[in-house]
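S.K.: This is the structure I want to talk about, given as structure tokens.
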Amino acid sequence: MQPAIHTARYGFPVTEDLVRYMREATEGKEDFLTNNPTWALDFAPNGTRLGLGDTITRKRYANTLETIANYGADAFYSGAIAETMIQALQAQNGTMTLEDLKNYTVDIKETAQIDYRGFKVTSTSAPSSGAILLSTLNILEGYDDFFAQGTTDLSTHRLDEAIRFAYGQRTHMGDPRFVEGLGEFQQDILNKSVSAQIRGKILDERTQNISAYEPSGFEILETPGTSHISSADRNGLAISLTTTVNLYFGSKVMVPETGIIMNNEMNDFSIPGSDNAFGYRPSPANYIRPGKRPLSSICPTIVTHPNGTMYFVTGAAGGSRIITSTLQSVINVLDRHMTAPQALAEPRLHDQLVPNLTEVEWSFDNSTVAFLIDRGHNITRVEHASSTVQSIRVLSNGTFEAADLVFLRLEFGRDHDRT
């Protein structure tokens, strides 16, 4: 924990992303980062909010991490850290108790895995969304000419259609301890024959109405407050780790004594009787219940050779766009044979079925966009995808090639190292 402690204590530069997060969290709302003394101590220490290039420190949080490093995880779930956490929550009318913290357990689940193009692709199982990413790959594997020379337009249409079917599947996902039959459902969507049936429903000449992909019209929730790390070492060990506080700055509650920012993960649950902003019904599989864990978009992914040696580690932050961003990093490397920097610099699309929009970056090829429009896709353009991806690829000589989308944007622009 020492590197994190050092960074929190001595500071790190405010990036363009952090400036954007601070702006979006306060725009048209109360500027809690400046006006709330607990937050201002870190984010506006001189009375005005920190700007691009300024150094931000989290000294209270550094002390908290140091305590946990010295005394172990129990120091978080009991004692002074826990007591101040509960006090801060209850001061905001929260209902969490010390007993809740004491009874919390880490839920370790089996991963989900498929074979794809001669590789093994491993990701997370429900209530995360790794199985949805893997299902999309399964659907696409049946196209032998997927992104072969001269097929970019049609392959992009097929990619978007596979994504739409997969997001339809996602509306049935939730916590497997509470959703009857979810284990069998995950096995089904990872079954090659089931994927072939779905692939048979994809029409090369046009996209389809939402009801063709998910007749129930359940909501897809947005959760942008996420971070991802990909890491690997010379011994072949790899970590793909995604963490989240759900929305930007979580619940906007910071514990004054410790600097801990409380999440608002309960927002990831569907609310019975409450349609979302697009008029779609909440998903019963994701209704809130005591002890239940909400559906999440995170899907950290590791790709290995058939013998188990590591090839590619990837993952993303960015709410519901996590799945499509991570998916396209895998496809760009395995199907389009790109390097890690090329894979991340390549313009991306996003389609989560609800709302019925296909989002493409401004730098997306115009002829491909025209092809999608001709196939009936409801296209909307964005400057860049509101997600960040981190990837590592192991080269044949054993060296690493690492890429971070934020770094590529800042240092090289969107066209860096593209094919």
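Don't overthink the numbers, they just go from 1 along the chain as shown.
Backbone N, Cα and C define each Cβ position, glycine as well.
Just lifted these from TrEMBL, have a look:
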type	residues	note
ACT_SITE	T226	active site, nucleophile
BINDING	T244, V245, N246, D268, S296, S297, G319	L-glutamate binding site
S.K.: For the binding-site residues T244, S297, which Cβ has the most other Cβ atoms within 10 Å, all shown protein chains included?
M.R.: S297
S.K.: Distance check, please: Cα of S297 (L-glutamate binding site) against Cα of T226 (active site, nucleophile), rounded to an integer number of angstrom.
M.R.: 10
S.K.: Any idea what DSSP makes of D268 (L-glutamate binding site), helix, strand or coil?
M.R.: helix
S.K.: Let me know the DSSP-derived helix, strand or coil state of T244 (L-glutamate binding site), please.
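M.R.: T244 (L-glutamate binding site) sits in a strand per DSSP.
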S.K.: Determine, from DSSP, whether the residue listed as 'active site, nucleophile' sits in helix, strand or coil.
M.R.: strand
S.K.: If H, G and I count as helix, E and B as strand, and all else as coil, what does DSSP give for S297 (L-glutamate binding site)?
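M.R.: For S297 (L-glutamate binding site) - judged by DSSP and reduced to three states - the answer is coil.
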S.K.: Greatest CA-CA distance (Å) over the residues T244, V245, N246, D268, S296, S297, G319 that the record ties to L-glutamate?
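M.R.: Answer in Å: the longest Cα-Cα distance is 12.
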S.K.: Measure from the CA atom of the residue listed as 'active site, nucleophile' to the CA atom of V245 (L-glutamate binding site) and give the result in Å, rounded to a whole number.
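M.R.: Checking the Cα atoms of V245 (L-glutamate binding site) and the residue listed as 'active site, nucleophile' gives a distance of 6 Å.
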S.K.: How many whole Å apart are the CA atoms of G319 (L-glutamate binding site) and the residue listed as 'active site, nucleophile'?
M.R.: 7
S.K.: I need the CA-to-CA distance for N246 (L-glutamate binding site) versus the residue listed as 'active site, nucleophile', whole Å please.
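M.R.: On Cα coordinates alone, these residues lie 6 Å apart.
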